[in-house]
């Protein structure tokens, strides 16, 4: 007796559908933690895949970007078409596709499905949200629809996990089947013009042009397909298209309006005898809620209150976790110090490696909580309402309502703000939003503001003690980035991203309770993406800055002083909390000579550290740029602090502490640091710092791109080094010009 083992088979299945049809919920529920997130080669579009295994058969699910049609108007939509047609480089051809439609709005959703049927790919039609359709009195005959189409039709409720077994069975059935017959939509004159166009392009490009792309060339006037092939055609493609479209118009088939008429006519004929609607449209709970939440006044008021709650919560809830991470960072650093003698390798581990890892993980709590709120708001259906409410305001900047959430997120931290721009489908608007998001005043700028405001801004009080000058300056600095972002957004849209804001078309899904599984998966997915992608680059940058501040001088004397300090620390007796007052006093008296020696060695070490930093590559760079920053009222010390704070703005506080021989563990409220800054002088004896200089520093930090994390995330989100370099260049220039004007005007007023 012989047995034959089944040969392993792998199939690629795409998932496509309109936004807000539950496509991503279904994908996440099917694949769970087996999902992988990356980017398609050479483009900025996110690639989400997941694996399903059935014995010897492996199914790779590919979650394509949500779209209302396959008429490409952006690189995202063109990529979806190329993947479905098997034309995307380094992406295996699709063996089948799941087309997800909203059963409660099936007529409009089947527009996309009618285009899918022309791709010559085996299909499964998934009617999601069948429970919503039923609650609205809509009756669908899925079996009759399946028979009419000649392909599997599955009813699901993705947020409840209903229908998944049927989907998996349908996938296994269709991957080896022939594609369904294409609907006969277009007249003979259109087919003839398409064939003539394909023939011409195939000669020029030496590639086969699928029927679907030929259709899109004729139908999508000024679309992405036309611009794509125009670059490859040398024989007047534009003239031929104009002539062909004129012939179609003469034949009674004007484009592009005829396509929508033909497709919706086909949809109506398809659904005859398949669907029953109630005689009157019932007023649903979602309709009643929308009466308030999309109201011009009350909807906006609710949105503002909700955003205030979200960002206050992000700050408040993330703070203990951030402090725990900082404490863990200190504990790990202390552990390394306890088992290693002072030296360059220990400095690398403590200040470079541990500091770099801490710099990555410190951002994580804010990112997790922000994406938790975003995931909940998306899953319950409110996020599309928020974008609708803010669309009118954002449109005046050349953006759309979808840009508002990323910009608001950036007030907590620009890192999650830039990542939140993924919700914007239009590439131009997404890039414009990403480029102005770092101008929002994030929490990392506050230590700089607090230090210089407390040191130089008078404590003048107005309005019977309610308003202070220091508070007004803090508010002004926090608002400066937002005010500057308005003209910057306008300029970017007029020069770099020309064109009108994309039409704001967004589905308003029914309200529902968020799926815990879906929310957790989204948060985990984004957090993992940040740590593994942007985090690696942030870590490397931190190591490089450490090296620049450490080399090339010999640190042996500094390490010897540190060894003496640690030896004395080990000799000092702890003061027991339970001991009597007399015993505590005796212990303190014994410790006093030791503490005095520790203080002496610490002072020597801090002065030496300041000297070594000045002579390091970083210090040399500070002296080198002093002529450049002197017009801002800065000396080399501020220059070094600015350079050292490139990984994160708040690093300037510790750097200034080291430069002024106070050690690197000071904070923005340290009175000794404030006093040292106030006493700093030029060689001629005049004070370095005054109010114009303090304002100059704050303006620079309000507008500059002093955050490696943000730049690395911009690189991650755009899949290009050009945009982070562009962002760094324009923001640094903006910061320099703003600081220059502030200082020069301030000095003129002061005279």
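Glycine too: its Cβ is placed from the backbone N, Cα and C atoms.
Under the heading domain 'FeoB-type G', TrEMBL lists 10-177. Taken from TrEMBL, the feature transmembrane segment covers 297-318, 330-349, 356-377, 404-424, 431-457, 469-492, 530-551, 691-714, 721-743.
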Mark yes when the transmembrane segment (721-743) and the transmembrane segment (404-424) have three or more Cβ pairs under 8 Å (sequence separation 6 or more) and no when they do not.
no
Under 8 Å between C-beta atoms and at least six residues away from its ends: which parts of the chain pack against the transmembrane segment (721-743)?
431, 434-435, 438-439, 484, 488, 631-633, 692-693, 695-697, 699-705, 710-712, 714-715
Within the same chain, where does the transmembrane segment (330-349) have neighbours whose Cβ lies under 8 angstroms from its own Cβ atoms, ignoring anything closer than 6 residues to its ends? I mean 6 or more beyond.
355, 543, 546, 550, 555, 558-560, 562-563, 566
Suppose you look only at the domain 'FeoB-type G' (10-177); what would the mean pLDDT be?
83
